[in-house]
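Now, the feature entries from TrEMBL:
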DOMAIN    9-438  domain 'Major facilitator superfamily (MFS) profile'
SIGNAL    1-16  signal peptide
TRANSMEM  62-83  transmembrane segment
TRANSMEM  95-114  transmembrane segment
TRANSMEM  120-140  transmembrane segment
TRANSMEM  152-172  transmembrane segment
TRANSMEM  178-199  transmembrane segment
TRANSMEM  262-281  transmembrane segment
TRANSMEM  326-342  transmembrane segment
TRANSMEM  354-373  transmembrane segment
TRANSMEM  385-404  transmembrane segment
TRANSMEM  416-433  transmembrane segment
Amino acid sequence: KVYVACQSMLIVLVGAVPEYHIDQEGIPTSRAELGKHIHFADNFTSIVTEASTSWYLIEQEAYKVSLASSLFFAGLLIGNITFGPLSDKLGRKPVYISGLFFDVVFGYVTALAPNYDAFAVSRFFVGIVNGGMALVSFVLTQEYVGKSFWSFTGSLTNLTFAVGIAVYALLGYCVREWRYLALVSNTPGVIFLLLSFMLPESPRWLYSQGKTAEAEDVLQYIALGNGKERLNLKLKPSAGTLRKDESAPGILNLVKHPVLRWQTIILMYIWYVCSFVYYGLTLNAGELRGNLYLNVALSGLVEVPAFPLCMFLIEKSWSGRRKTMACFLIFAGFACIFTMFLPTNAGLLLSPTLLALCGKMMVSAAFNIVYIYTSELYPTVLRNAGLGVCSMSCRFGGILAPFVPSMKSLSPSVPFVVFGISGLSAGFLTLLLPETLNKPIAESIEDLQSPKYQVLKNEEAE
């Protein structure tokens, strides 16, 4: 996730626009002539300052920085749609390693791009493999451990992403030339790629595919790695094992089954709102003046307190996943709406910016929970497909969020009202979903029809 964060945040520093001025001794008539008259003030380089006739992304060409960022998010959208179903059919490990390999390759293409067009295309392909690989790696991490650890591993994974943003800011502070920064931030991917070959396949995926012998081998490998004695382990055949004449479950199963259909619709909206409010608050309340690198680091570190809070609340029987996520979304919504009642010149404790940052922390917590909650709601055979569809709707929220600040022309409070209503609606819709705390994980679609997946487990009865 540290590597994923560096790739996701790359454009923030690589596309930064330093202060500049253009000589008044004559108006440049071409891009080549512009290079002789423009002077950049800051002590770092970016794609904006690249000394080439196809770069100099200022004035009429400034939109290309945002375009490269949009292409990356468009790639994430495609990666979320394609990699999930692929890993459900082909396996988690091969799809994850393939995605990480191409992520590293296209990352180096980004750093060595001879012109803007090559840079923009490489960012699009990085988005595809980065988004898909990150999704599969999250599911793979969850499926290595027992369900009682899912909240911990899920929170730790998302916490590492936030820390990765701060790590990238530190790299940017130390490496001021954008090509070297792109190379340095991409190189850890090579190390992680080599280490990933040591990982076993997901035992849950093997079991869901009827490969019980291979699943047993992986469980033995994990047990020995944990210092346990060799287990006398024998798995029962999975109820959802496919016959040879049956096709593997796909995205259409999310629509065909009524329970999965309504859950998917609600989850897609919740994911969309989490992304929409999170990125929207970042643009509205997180625009800190001062050091560029410090601001980037703070944008990640401000999320850190949300994760231990999540881990504590979602494991309590009186709160669980559903109520905790609903409360965080509702509190984020109220925080946004209450900003419209505070004067802009109020003190620090009553400033709209501080309240909006509190809202950002709350929606960050909800974002963390929705990953864990969604992975528990879907059976193993459809887990990646379900997460992929939900992540797809999440990207639409990220794409639309930058347009909301322009609504300030109507009234300064309008953007916060939009974010507030979105958070409140998603919070109340969350209450329609079933609770997953202390419930077994469904391996197949058939498992969802079993009574034991509809009620909480009774540990004494077991």
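Every residue gets a Cβ built from N, Cα and C, even glycine.
Values in this document were obtained by computation on a predicted structure and should not be read as measured data.
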Paired segments the transmembrane segment (326-342) and the transmembrane segment (178-199) in contact, 3+ CB pairs under 8 A: no
Considering the transmembrane segment (120-140), which listed stretch of 62-83, 95-114, 152-172, 385-404, 416-433 counts the most C-beta pairs under 8 Å: 62-83
Positions whose Cβ lies under 8 angstroms from the transmembrane segment (178-199), at least six residues beyond its ends: 2-3, 6-7, 10, 13-14, 44-47, 50, 93, 96-97, 100-101, 103-104, 107-108, 110-112, 140, 168, 171-172
The transmembrane segment (262-281) in contact with the transmembrane segment (354-373), cutoff 8 A, at least 3 CB pairs, sep 6+: yes
Best-contacting stretch, by C-beta pairs under 8 Å, relative to the transmembrane segment (152-172) and drawn from 62-83, 95-114, 354-373, 385-404, 416-433: 354-373
